[in-house]
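Copied over from TrEMBL, here are the features:
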DOMAIN    9-459  domain 'Major facilitator superfamily (MFS) profile'
REGION    46-69  region 'Disordered'
TRANSMEM  7-31  transmembrane segment
TRANSMEM  110-129  transmembrane segment
TRANSMEM  141-158  transmembrane segment
TRANSMEM  170-188  transmembrane segment
TRANSMEM  200-219  transmembrane segment
TRANSMEM  240-263  transmembrane segment
TRANSMEM  283-305  transmembrane segment
TRANSMEM  312-332  transmembrane segment
TRANSMEM  338-363  transmembrane segment
TRANSMEM  406-424  transmembrane segment
Amino acid sequence: EARRQRRLLLGVVCVALLLDNMLYMVIVPIVPEYIAAMRGGGSAAGQSAPAGGNESSGGGNRSLLPARYPPSAGGNEDVQIGVLFASKAMLQLLVNPLSGTLTDRVGYETPLLAGLAVMFLSTLTFAFAENYATLLAARSLQGLGSAFADTAGIALIADRYAEEPARSRALGTALACISFGSLAAPPFSGVLYKFAGKQVPFLVLACVCLLDVLMLLALAPPCAAGARANMPVGTPIHRLMLDPYIAVVAGALATCNIPLAFLEPTIANWMKETMGANEWEAGLTWLPAFFPHVLGVYITVRLAAAYPHLQWFYGALGMAIIGASSCLVPACRNFGQVTVPLCGICFGIALVDTALLPTLAFLVDVRHVSVYGSVYAIADISYSVAYALGPIVAGQIVHTMGFTQLNLGMGLANVLYAPVLLFLKNVCQMKPSHSERNILLEEGPKGLYDTIKMEERKG
């Protein structure tokens, strides 16, 4: 029964992560036309649709949006799109320290439920947004929900799957759902936006989110979280941030996600300007990258089970692949060529995430107390740094220096950071039995939680 419940909870967490990333990426191919439609087809429409066919393809949807967003004085659409993308990660970055601490104190299920509820409200706000300010508010509201849902969800997986290689497999499954949400959302939204209208993609996501909330309530109602009182007190988040090994992992997670964070708000306009691509083509560009991402997750999970002491090497290899792929993006001249470096970037991110996310839980087990809310809040902060600074900085760089310089800089940053993961070489060879937590358990169980953990380890 416990195994069945943890599998169902894994499914709930995977759906939550899927929804969060779909909602994040669902506006990637449509946001230029979305903002142009709010302006009433003014100057922005001309900038975002250089090819003659693009304007007619989006014309039917523009009539659905009233012209309430005034034309900008500077005409710098990249910066406006960048602010919209970054608002979610900025709020998430501010809330994550609170969400990690709260998760350690009240348990994993209640923050996950609260995060899903906020994401549901955010999705409905997106569906009925009629001006740029409402879009910005919906994006920020999503960041609040993600700060709780993502941190609590990943920490719940690490807690329920306490032993390797089951933990790596479970986290790999969650990463596969994240990649599917991130990479399937652009074509999903591009097609539905064109043929069904702007509200349909968001309403579909809202219905799925509501079903996930009901499933979580059935599996782990908030009243059952009282058992958390027997849990040990987790290490404070500020102490975890000062751990040099956790800091190295957090830096790698932030650096490897910078190319994806920088490309999301800029590649659609770049493809329109250089290739004459329309919304659905810009969205479909990301779809092939899902398969190498899942392949990277699968390969890393298998390698980690056979050679767990080489987790640092898998992460370093992934960062090298990301760096090389990022440098190849500006050289692409058509739709097919762009998919190749994007596949390389997503394959490398899969290697880094799948290797280093279980490493964070391992470091907490070995060096701190086995409570995972704060450490995965640090991981979420790493992602949020990339996605908060990325869109704004990327828009400014593209506007002042160019798209090529942007990609070369991102590639160089990943290649230079890869050797830093050598610092983790000896840590990965440590045994979990060295943990202070395990030493306490050897002295005899104290309370319900310790007794259950002792039974699991004996089993």
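From the backbone N, Cα and C atoms, a Cβ is placed for every residue, glycine too.
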- [ ] Kindly say whether the transmembrane segment (110-129) and the transmembrane segment (200-219) touch, using the definition of 3 or more Cβ pairs under 8 Å where each pair is 6 or more positions apart.
- [x] yes
Open item on the list: Below 8 Å between Cβ atoms, which of the listed ranges 7-31, 200-219, 338-363, 406-424 makes the most pairs with the transmembrane segment (170-188)?
Closed with: 7-31
Task: Beyond the flanks of the transmembrane segment (283-305) by 6 or more, those residues with Cβ under 8 Å of it - done: 25, 28-29, 164-165, 168-169, 172, 175-176, 179-180, 182-184, 186-191, 267, 271, 277, 311, 314, 318, 335, 338-339, 342-351, 353-355, 358
TODO: May I ask whether the transmembrane segment (141-158) has at least three C-beta pairs under 8 Å with the transmembrane segment (406-424), counting pairs 6 or more apart in sequence?
DONE: no
Open item on the list: Cβ under 8 Å, sequence separation of at least 6 from the ends of the transmembrane segment (200-219): give me the contacting residues as numbers and ranges.
Closed with: 5, 8-9, 11-12, 15-16, 19, 22-23, 26, 109, 112-113, 116-117, 119-120, 123-124, 126-127, 188-189, 192-193
Open item on the list: Should anything in the same chain at least six residues away from the transmembrane segment (312-332) have a Cβ under 8 Å from its Cβ atoms, list it; otherwise answer none.
Closed with: 252, 255-256, 259, 263, 267, 296, 300, 303-304, 338, 340-345, 347-352, 354-356, 359, 403-404, 407-408, 410-415, 417-419, 421-425, 428
- [ ] Considering only the recorded stretches 7-31, 141-158, 240-263, state which has the highest number of Cβ pairs under 8 Å to the transmembrane segment (338-363).
- [x] 240-263
TODO: Give me the mean pLDDT over the domain 'Major facilitator superfamily (MFS) profile' (9-459), rounded to a whole number.
DONE: 78
Task: Chain residues in Cβ proximity to the transmembrane segment (7-31) (below 8 Å; excluding those fewer than six residues from its ends, i.e. six or more beyond) - done: 81, 84, 88, 112, 115-116, 119, 122-123, 126, 142, 145-146, 149-150, 153-154, 156-157, 160-161, 170, 173-174, 177-190, 193, 198, 201-202, 205, 208-209, 212, 215-216, 219-220, 264-265, 268, 279-280, 282-283, 286
Task: Distal contacts, the transmembrane segment (240-263) - CB-CB under 8 A, six or more residues away - done: 89, 182, 315, 318-319, 322, 325-326, 329, 342, 345-346, 348-349, 352-353, 356-357, 359-360, 363-364, 367-368, 374-375, 378-379, 381-383, 385-387, 389-391, 393-394, 406-407, 410-411, 413-414, 417, 420-421, 423-424, 427
Task: Other parts of the chain folded back onto the transmembrane segment (141-158), taken as Cβ under 8 Å at six or more residues beyond its ends - done: 9-10, 13, 16-17, 20, 23-24, 87-92, 95-96, 98-100, 102-103, 108-112, 114-119, 121-123, 125, 167, 170-171, 174, 357-358, 361, 372-373, 375-377, 379-380, 384
